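Features as listed in TrEMBL:
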type	residues	note
BINDING	Gly19, Gly21, Lys22, Thr23, Ser24, Arg118	ATP binding site
REGION	42-65	region 'NMPbind'
REGION	117-127	region 'LID'
REGION	189-249	region 'Disordered'
COMPBIAS	192-241	compositional bias 'Acidic residues'
Amino acid sequence: MTPKPTRYHPNIIITGTPGCGKTSLSRNLLQTLPKSDYKHYNISELAKERDCIESYDKERDTGVVDEDKLLDGLENDLRDGGAIVDWHCCDIFPKRLIDLVVVLRTETALLYDRLKERKYSDKKIEENMDCEIMEVILNDANQAYNEEIVITLNSNNDDDMKENQARIEAWIEMWRKDHEEGVTNEISEYYNDSEQEQSSEDGEDGSESKDDDSSEEEGEEEEEEEEEEEEEEEEEEDEEEPAKKKKKV
(Lines of atoms letter the chains of each structure in order from A and count residues from 1; the text may use other names and numbers.)
(Lines give C-alpha, C1' and ligand atoms only; values in the text may rest on other atoms or scores of the structure.)
Protein backbone atom coordinates (compact mmCIF):
# COMPACT_ATOMS: atom_id res chain seq x y z
CA MET A 1 0.00 0.00 0.00
CA THR A 2 1.49 3.35 -1.08
CA PRO A 3 1.85 5.87 1.81
CA LYS A 4 -0.21 9.05 1.44
CA PRO A 5 1.63 12.30 0.65
CA THR A 6 2.26 14.35 3.77
CA ARG A 7 4.02 17.46 2.48
CA TYR A 8 3.90 19.68 -0.58
CA HIS A 9 6.91 21.92 0.04
CA PRO A 10 10.60 20.91 0.16
CA ASN A 11 12.82 20.89 3.21
CA ILE A 12 16.15 22.63 2.64
CA ILE A 13 19.31 22.63 4.74
CA ILE A 14 21.56 25.67 4.41
CA THR A 15 24.88 24.78 5.98
CA GLY A 16 28.50 25.82 6.05
CA THR A 17 31.24 27.03 8.35
CA PRO A 18 30.19 29.70 10.89
CA GLY A 19 30.46 33.11 9.24
CA CYS A 20 29.63 32.01 5.69
CA GLY A 21 26.19 33.67 5.60
CA LYS A 22 23.75 30.85 6.37
CA THR A 23 21.39 32.90 8.51
CA SER A 24 21.42 35.92 6.19
CA LEU A 25 20.54 33.77 3.18
CA SER A 26 17.82 31.94 5.10
CA ARG A 27 16.21 35.19 6.23
CA ASN A 28 16.34 36.63 2.71
CA LEU A 29 14.56 33.55 1.38
CA LEU A 30 11.80 33.92 3.97
CA GLN A 31 11.18 37.48 2.77
CA THR A 32 10.17 36.28 -0.70
CA LEU A 33 8.75 32.79 -0.07
CA PRO A 34 5.14 32.42 1.17
CA LYS A 35 5.33 32.75 4.96
CA SER A 36 2.41 30.38 5.38
CA ASP A 37 4.36 27.62 3.63
CA TYR A 38 7.96 28.13 4.76
CA LYS A 39 9.68 28.62 8.09
CA HIS A 40 13.27 29.36 9.10
CA TYR A 41 14.81 27.10 11.74
CA ASN A 42 18.01 28.60 13.12
CA ILE A 43 19.17 25.53 15.03
CA SER A 44 21.57 27.43 17.28
CA GLU A 45 18.66 29.52 18.57
CA LEU A 46 16.11 26.70 18.44
CA ALA A 47 18.27 24.45 20.62
CA LYS A 48 18.22 27.10 23.34
CA GLU A 49 14.49 27.78 22.99
CA ARG A 50 13.64 24.07 23.26
CA ASP A 51 16.09 23.39 26.08
CA CYS A 52 18.31 21.11 23.99
CA ILE A 53 21.67 22.33 25.33
CA GLU A 54 23.05 19.44 27.35
CA SER A 55 26.37 21.04 28.40
CA TYR A 56 28.72 23.92 27.74
CA ASP A 57 32.17 23.66 26.17
CA LYS A 58 34.25 26.35 27.88
CA GLU A 59 37.27 25.76 25.68
CA ARG A 60 35.29 26.37 22.48
CA ASP A 61 32.91 28.85 24.14
CA THR A 62 29.84 27.10 22.77
CA GLY A 63 26.90 25.01 23.90
CA VAL A 64 26.76 21.27 23.20
CA VAL A 65 23.43 20.31 21.63
CA ASP A 66 21.51 17.20 22.67
CA GLU A 67 20.88 16.04 19.10
CA ASP A 68 18.40 13.29 20.01
CA LYS A 69 16.21 15.67 21.98
CA LEU A 70 16.46 18.28 19.24
CA LEU A 71 15.39 15.82 16.55
CA ASP A 72 12.50 14.47 18.62
CA GLY A 73 10.77 17.82 18.26
CA LEU A 74 12.18 19.01 14.96
CA GLU A 75 11.18 15.90 13.04
CA ASN A 76 7.51 16.81 13.42
CA ASP A 77 8.27 20.24 11.94
CA LEU A 78 10.13 18.67 9.03
CA ARG A 79 7.22 16.34 8.30
CA ASP A 80 5.09 19.39 7.49
CA GLY A 81 7.58 20.52 4.82
CA GLY A 82 8.73 24.02 3.94
CA ALA A 83 11.59 24.03 6.47
CA ILE A 84 14.68 26.17 5.87
CA VAL A 85 17.15 24.60 8.30
CA ASP A 86 20.14 26.79 9.14
CA TRP A 87 23.04 25.15 10.98
CA HIS A 88 26.73 24.32 10.62
CA CYS A 89 25.95 20.61 11.16
CA CYS A 90 23.90 18.92 8.46
CA ASP A 91 24.36 15.17 8.83
CA ILE A 92 22.02 14.52 11.76
CA PHE A 93 18.72 15.12 9.96
CA PRO A 94 16.73 12.16 8.57
CA LYS A 95 17.58 11.57 4.93
CA ARG A 96 13.96 10.91 3.97
CA LEU A 97 12.94 14.40 5.13
CA ILE A 98 15.57 16.45 3.29
CA ASP A 99 15.24 17.51 -0.35
CA LEU A 100 18.16 19.91 -0.84
CA VAL A 101 21.42 20.58 1.01
CA VAL A 102 23.12 23.90 0.24
CA VAL A 103 26.74 24.13 1.37
CA LEU A 104 28.00 27.72 1.42
CA ARG A 105 31.71 28.35 0.86
CA THR A 106 33.63 31.52 1.72
CA GLU A 107 37.17 32.57 0.88
CA THR A 108 39.39 32.07 3.91
CA ALA A 109 40.57 35.69 4.11
CA LEU A 110 36.98 36.94 4.17
CA LEU A 111 35.94 34.24 6.60
CA TYR A 112 38.74 35.17 8.98
CA ASP A 113 37.62 38.81 9.04
CA ARG A 114 34.00 37.83 9.69
CA LEU A 115 34.92 35.55 12.59
CA LYS A 116 37.19 38.23 14.02
CA GLU A 117 34.28 40.70 13.95
CA ARG A 118 32.27 38.19 15.98
CA LYS A 119 35.04 38.30 18.58
CA TYR A 120 35.73 34.58 18.31
CA SER A 121 38.78 33.39 20.24
CA ASP A 122 41.92 32.66 18.24
CA LYS A 123 41.48 28.94 18.87
CA LYS A 124 37.88 29.00 17.68
CA ILE A 125 38.83 30.96 14.58
CA GLU A 126 41.61 28.50 13.81
CA GLU A 127 39.27 25.51 14.12
CA ASN A 128 36.68 27.08 11.82
CA MET A 129 39.31 28.07 9.29
CA ASP A 130 40.66 24.52 9.23
CA CYS A 131 37.10 23.23 8.82
CA GLU A 132 36.59 25.46 5.77
CA ILE A 133 39.95 24.63 4.18
CA MET A 134 39.50 20.88 4.67
CA GLU A 135 35.92 21.01 3.32
CA VAL A 136 34.69 19.15 6.40
CA ILE A 137 31.06 20.22 6.11
CA LEU A 138 30.90 19.51 2.38
CA ASN A 139 32.30 16.02 2.96
CA ASP A 140 29.79 15.42 5.76
CA ALA A 141 26.95 16.46 3.48
CA ASN A 142 28.05 14.18 0.65
CA GLN A 143 28.38 11.24 3.03
CA ALA A 144 25.03 11.82 4.75
CA TYR A 145 22.87 12.48 1.67
CA ASN A 146 22.69 11.53 -1.99
CA GLU A 147 25.23 13.69 -3.77
CA GLU A 148 22.66 14.80 -6.37
CA ILE A 149 20.80 16.85 -3.73
CA VAL A 150 23.98 18.50 -2.38
CA ILE A 151 25.06 21.76 -4.04
CA THR A 152 27.93 24.13 -3.27
CA LEU A 153 27.50 27.90 -3.57
CA ASN A 154 30.04 30.68 -3.09
CA SER A 155 29.14 33.20 -0.41
CA ASN A 156 31.69 36.00 -0.52
CA ASN A 157 29.65 39.16 -1.15
CA ASP A 158 26.19 40.63 -1.67
CA ASP A 159 26.11 39.63 -5.34
CA ASP A 160 26.72 36.01 -4.35
CA MET A 161 23.94 36.27 -1.79
CA LYS A 162 21.43 37.54 -4.37
CA GLU A 163 22.45 34.93 -6.92
CA ASN A 164 22.22 32.13 -4.36
CA GLN A 165 18.78 33.27 -3.30
CA ALA A 166 17.57 33.33 -6.91
CA ARG A 167 18.97 29.84 -7.59
CA ILE A 168 17.30 28.34 -4.53
CA GLU A 169 13.97 29.99 -5.33
CA ALA A 170 14.17 28.62 -8.90
CA TRP A 171 14.95 25.18 -7.52
CA ILE A 172 11.95 25.34 -5.16
CA GLU A 173 9.65 26.25 -8.05
CA MET A 174 10.99 23.31 -10.09
CA TRP A 175 10.61 20.93 -7.14
CA ARG A 176 6.98 21.90 -6.68
CA LYS A 177 6.23 21.34 -10.36
CA ASP A 178 7.86 17.92 -10.19
CA HIS A 179 5.95 16.99 -7.02
CA GLU A 180 2.49 18.46 -7.55
CA GLU A 181 0.92 15.46 -5.83
CA GLY A 182 3.19 15.83 -2.79
CA VAL A 183 5.71 13.46 -1.27
CA THR A 184 5.60 11.04 1.63
CA ASN A 185 7.79 11.03 4.70
CA GLU A 186 7.17 7.37 5.44
CA ILE A 187 10.26 5.20 5.86
CA SER A 188 8.55 2.35 4.03
CA GLU A 189 8.87 4.28 0.78
CA TYR A 190 12.65 3.99 0.99
CA TYR A 191 12.70 0.30 1.86
CA ASN A 192 9.94 -1.13 -0.34
CA ASP A 193 12.18 -1.33 -3.41
CA SER A 194 15.05 -2.97 -1.54
CA GLU A 195 12.67 -5.45 0.11
CA GLN A 196 11.16 -6.35 -3.25
CA GLU A 197 14.60 -6.81 -4.75
CA GLN A 198 15.63 -8.99 -1.82
CA SER A 199 12.50 -11.15 -2.06
CA SER A 200 13.03 -11.45 -5.81
CA GLU A 201 16.61 -12.57 -5.25
CA ASP A 202 15.46 -15.03 -2.60
CA GLY A 203 12.85 -16.36 -5.02
CA GLU A 204 15.45 -16.81 -7.74
CA ASP A 205 17.79 -18.52 -5.32
CA GLY A 206 14.95 -20.76 -4.17
CA SER A 207 14.00 -21.74 -7.71
CA GLU A 208 17.62 -22.43 -8.54
CA SER A 209 18.02 -24.61 -5.50
CA LYS A 210 14.79 -26.44 -6.36
CA ASP A 211 16.04 -27.03 -9.89
CA ASP A 212 19.32 -28.27 -8.50
CA ASP A 213 17.52 -30.61 -6.10
CA SER A 214 15.25 -31.99 -8.81
CA SER A 215 18.17 -32.58 -11.18
CA GLU A 216 20.07 -34.37 -8.40
CA GLU A 217 17.03 -36.57 -7.70
CA GLU A 218 16.70 -37.41 -11.38
CA GLY A 219 20.38 -38.34 -11.52
CA GLU A 220 20.03 -40.64 -8.51
CA GLU A 221 16.98 -42.35 -10.04
CA GLU A 222 18.86 -42.97 -13.28
CA GLU A 223 21.79 -44.50 -11.36
CA GLU A 224 19.42 -46.79 -9.43
CA GLU A 225 17.75 -47.94 -12.66
CA GLU A 226 21.14 -48.70 -14.22
CA GLU A 227 22.19 -50.70 -11.15
CA GLU A 228 18.94 -52.71 -11.25
CA GLU A 229 19.45 -53.49 -14.94
CA GLU A 230 23.02 -54.66 -14.27
CA GLU A 231 21.82 -56.92 -11.44
CA GLU A 232 19.15 -58.47 -13.68
CA GLU A 233 21.72 -59.14 -16.40
CA GLU A 234 24.06 -60.80 -13.88
CA GLU A 235 21.20 -63.03 -12.63
CA GLU A 236 20.39 -64.08 -16.19
CA GLU A 237 24.04 -64.97 -16.81
CA ASP A 238 24.14 -67.05 -13.61
CA GLU A 239 21.07 -69.01 -14.74
CA GLU A 240 22.59 -69.70 -18.17
CA GLU A 241 25.92 -71.12 -16.85
CA PRO A 242 24.45 -74.21 -15.02
CA ALA A 243 22.43 -75.07 -18.09
CA LYS A 244 25.58 -75.08 -20.22
CA LYS A 245 27.35 -77.34 -17.72
CA LYS A 246 24.51 -79.86 -17.81
CA LYS A 247 24.68 -80.06 -21.59
CA LYS A 248 28.37 -80.91 -21.50
CA VAL A 249 27.78 -83.71 -19.09
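Including glycine, each Cβ sits where the backbone N, Cα and C put it.
Keep in mind that TrEMBL annotations are predicted by a computer and have not been checked by a curator.
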* **Near-site residues: ATP, ref Gly19, Gly21, Lys22, Thr23, Ser24, Arg118, CB cutoff 8 A to centroid** => Pro18, Cys20, Arg114
* Give the sequence-ordered list of residues that share a chain with Thr23 (ATP binding site), lie 6 or more positions from it, and have CB atoms under 8 Å from its CB. => Asn42, Asp86
* Asked: Quick one, of the binding-site residues Lys22, Arg118, which Cβ has the fewest other Cβ within 10 Å?
  -> Arg118
* **Residues satisfying Cβ distance under 8 Å from Gly19 (ATP binding site), sequence separation of at least 6** => Thr106, Leu111, Arg114, Leu115, Arg118, Asn128
* Structure fact -> Record-listed ATP binders Gly19, Gly21, Lys22, Thr23, Ser24, Arg118 have a maximum CA to CA distance, in Å, of 15
* Mind checking how the region 'LID' (117-127) divides into helix, strand and coil residues in DSSP? -> 7 helix, 0 strand, 4 coil
* To do: Just name the winner among Gly21, Ser24 (the binding-site residues) by count of other CB atoms within 10 A of its CB.
  => Gly21
